There are 2 protein chains.
Amino acid sequence: MKVCKFGGTSVATADQIRKVVDIVTSDIGRKIIVVSAPGKRFSDDIKVTDLLIKLGEKALANEDTEVELNEVVNRFHGIANDLGLSNDIVETIKHDLKDRLSRHKEDSLLFMDTMKAAGEDNNAKMIAAYFQFIGVDAKYINPREGGLLVNNRPERVRALPQGDEKLAKLRDEQGIIVFPGFFGYTEDGTLRTFNRGGSDITGSIIAAAIKADLYENFTDVDSVFAANPTVIDNPVSIETMTYREMRELAYAGFSVFHDEALIPAFRKSIPVRIKNTNNPYAPGTLIVKERDYNEQQVIGIAADSGFTAIYVDKYLMNLEIGFGRRLLQILEEEEISYEHTPSGIDNLSIILRSRVLTKEKEERIIERIHKELEPDAVIVEHDYSMIVLVGEGMQYTTGLAGRAASAIARTGANIEMINQGSSEVSLVFGVKVQDETKTLKELYKEFFVKSYAH
Amino acid sequence: MKVCKFGGTSVATADQIRKVVDIVTSDIGRKIIVVSAPGKRFSDDIKVTDLLIKLGEKALANEDTEVELNEVVNRFHGIANDLGLSNDIVETIKHDLKDRLSRHKEDSLLFMDTMKAAGEDNNAKMIAAYFQFIGVDAKYINPREGGLLVNNRPERVRALPQGDEKLAKLRDEQGIIVFPGFFGYTEDGTLRTFNRGGSDITGSIIAAAIKADLYENFTDVDSVFAANPTVIDNPVSIETMTYREMRELAYAGFSVFHDEALIPAFRKSIPVRIKNTNNPYAPGTLIVKERDYNEQQVIGIAADSGFTAIYVDKYLMNLEIGFGRRLLQILEEEEISYEHTPSGIDNLSIILRSRVLTKEKEERIIERIHKELEPDAVIVEHDYSMIVLVGEGMQYTTGLAGRAASAIARTGANIEMINQGSSEVSLVFGVKVQDETKTLKELYKEFFVKSYAH
């Protein structure tokens, strides 16, 4: 049994939904499908979820919502029309949206969750209606009824394993199940959404709960590429990679598949395949627990900008038990998550995403470090990029670090930071943001262009 | 004005002390000399400090101390005899030792401090007596009288700046001052010793307080070498290096000059010169604040074994604010200091010196990590060596990391860890202990053997 998730562009128009139906009906194993809200139909289009956010905000501000409500309804109306569905489904959707708008607004976050989830929820209803319309046995199942249980606020939203038993029963349902992605319900029936891209998470949770043979994630690219195709011309496709490799690549700029979505599949060892709705016969990229790393030691290279380094220097720092802990505690108290802490003998750099810092927080952190840790120097540098070389073969292959560092040197870029811990599948280089593109290009040549000789 | 410190082997015999006197009297600037306790006269010899520790331990155990006391007295007696000094100084030393043995023993640590300090203290008295004996204006000054003030227990011992004003008056003394290294006194007159090698610290504190033109540190090697001479045949001498470079090298196995001893000199920018008592006209190694790093980007390569890596892996670790802090807190609560924390995306390695772990502590730490942090995996690996490439030029020179990593790859050794933060003067590689020697040799060839082509 397979769980198939279809992303926003795969369900943005009637034509796309017909492709989805073709894909699902072409394989009897494709039993449960998880759908996103209608995404962009063309590059300047607005996603339904974004329309819903606008609508919700208007409602929260007690302003008139007629225009915004109509925009959402019209998007569904257009698709339903093109699919040849009767007006019933449009009325159902309109009624559902009005009902959501009439809910309590005291807790604005929960209200917005309810509004945002309307895209997936109503799209699932509409797609189920279309399956039935063309004579396929299918039904919409709401996450509450299905068993997608999530934790209570204010904790970060995540699925609770207590829901798994109920979800597992989806196996026994007759026909095709159309399940909306992106949200679940707490024990007391409160709707909470996952992070954006959360339909990937829903699919993964269900695939894990029903112990699917495969979780197929349909999107709009043929596969995951070894490097960003907007920087590298025609990068090679990744045929097979491990969960860890996908995670490391996703972390550093690969946006094909949502980070968090891998966890449930990873925990139950459910293979994941990334496929293209518009080219369903392409093999796509398979994500599994283990692969033969001898074939391809380095599987991909990711690059991401927007990092800041806080460099702290204090003579004999490492004789002070607790120095590092106190430094990290300051960050924790300022609710800052960080990425790396490379260190020398008497110095420590904290690498973090610049977006987690405000000017005010940055100044307060620097002041606290000066006051509480009495360092010899604190230097903040913005505009770092991290280049991450990923591959299960890395820890078993000598010479990769040398090849990588030499490739970077050939570009004339200076390596600001190197980080490789024990038993790792990645090697992280920090460079100045202006050196990011040339570094990525040269590393790609070094590890993926067979004919490249230097 | 110069402060000269003479290490244990420089003051181990009458012949050596005569060399010291020649060195001091050959330069009118050499005004203050700091002396160690008599060290080894030959490789199997026992240092006087070690004899004093045995003596102190016997006394603490309430056992008879006659044999051990005589051993110490005889060492001084032999030197005094060879120097042609009268028995008065031997009687003074004997009396002093008996007085120390009669002190309160409730606080065994303080009692041992008093015993250990007797080597430097009495040697200073004896050397001052010898200066006077040959007609040179010189006097012994006790650290209490001189102003070498230290903090109270239980804090780690360190000099207090409140003593500096008094120490600075040593400038105005007539003749040569012979000052014992290794210990100071708290405000209420309690004697506390520095760490072993602490005479270097005393010299540095005095040099900083009197604002010396130069702090000369006389030992038994011609200079600091670019790599360990017991591994590398005839390594090149380092002519000039910075405090930071010395510190990084000292950290990872270079034992020529004591780590902590650099701090006072560094803070006041007092140049330090390492010289050889047995070859005083050799230029030695000069340690300064800044050097022209274009001449020699890499100044030295240190290697040290005895490291352990604790590797912790948890999916989406870096989304958990406080994960790293809680991990370090466990170490802190177990009073463990660590060296590096290289990290990947979802994993963190803690590199520490194996000697700070007992089997029991290690087990407790692993158990606590499992319980408190719920990681996916915790792996402990012993027998790591750290190879540290040091040089002020490193951060300004592209390609060094690549050359280093490629050199290591040529040996067939796998790089277990790489660590280079921003604005650093060092690049740290972790290798398995069995790969340490070949790695050091190949790196030495790469960076110091001009004719080496590969």
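Residue 1 is the first one shown; counting continues down the chain.
Note that Cβ sites are derived from N, Cα and C of the backbone, with glycine treated the same way.
The ATP binding site annotation in TrEMBL covers B:Lys5, B:Phe6, B:Gly7, B:Gly8, B:Thr219, B:Asp220. Feature annotation from TrEMBL assigns substrate binding site to B:Thr49, B:Glu120. According to TrEMBL, the domain 'ACT' annotation covers B:389-454.
Overlay of TrEMBL annotations on the structure.
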{"residue": "B:Lys5", "record": "ATP binding site", "contacts (Cβ under 8 Å, 6+ apart)": "B:Ile33, B:Val34, B:Val35, B:Ser36, B:Gly181, B:Ser199, B:Asp200, B:Thr202, B:Gly203, B:Tyr215, B:Glu216, B:Asn217, B:Phe218"}
{"residue": "B:Phe6", "record": "ATP binding site", "contacts (Cβ under 8 Å, 6+ apart)": "B:Val20, B:Ile33, B:Val34, B:Val35, B:Ser36, B:Phe218, B:Thr277"}
{"residue": "B:Gly7", "record": "ATP binding site", "contacts (Cβ under 8 Å, 6+ apart)": "B:Ser36, B:Gly39, B:Ser199, B:Asp200, B:Asn217, B:Phe218, B:Thr219, B:Asp220, B:Thr277"}
{"residue": "B:Gly8", "record": "ATP binding site", "contacts (Cβ under 8 Å, 6+ apart)": "B:Ser36, B:Ala37, B:Pro38, B:Gly39, B:Lys40, B:Lys47, B:Thr49"}
{"residue": "B:Glu120", "record": "substrate binding site", "contacts (Cβ under 8 Å, 6+ apart)": "B:Val35, B:Ser36, B:Ala37, B:Pro180, B:Gly181, B:Phe182, B:Phe183, B:Ser199"}
Model confidence over the domain 'ACT' (B:389-454), averaged pLDDT: 86
For B:Thr219 (ATP binding site), the number of other Cβ atoms found within 10 Å of its own Cβ: 23
Check: same-chain CB within 8 A of ATP site center, minus B:Lys5, B:Phe6, B:Gly7, B:Gly8, B:Thr219, B:Asp220: B:Thr9, B:Ser10, B:Val11, B:Ser36, B:Gly39, B:Ser199, B:Asn217, B:Phe218, B:Thr277
Within the domain 'ACT' (B:389-454), residues counted as helix, strand or coil by DSSP: 32 helix, 13 strand, 21 coil
Pairwise Cα distance maximum in Å, ATP-binding residues per record: B:Lys5, B:Phe6, B:Gly7, B:Gly8, B:Thr219, B:Asp220: 12
Densest Cβ neighbourhood among B:Thr49, B:Asp220 (binding-site residues), 10 Å radius: B:Thr49
B:Thr219 (ATP binding site): secondary structure state under DSSP, collapsed to three categories: strand
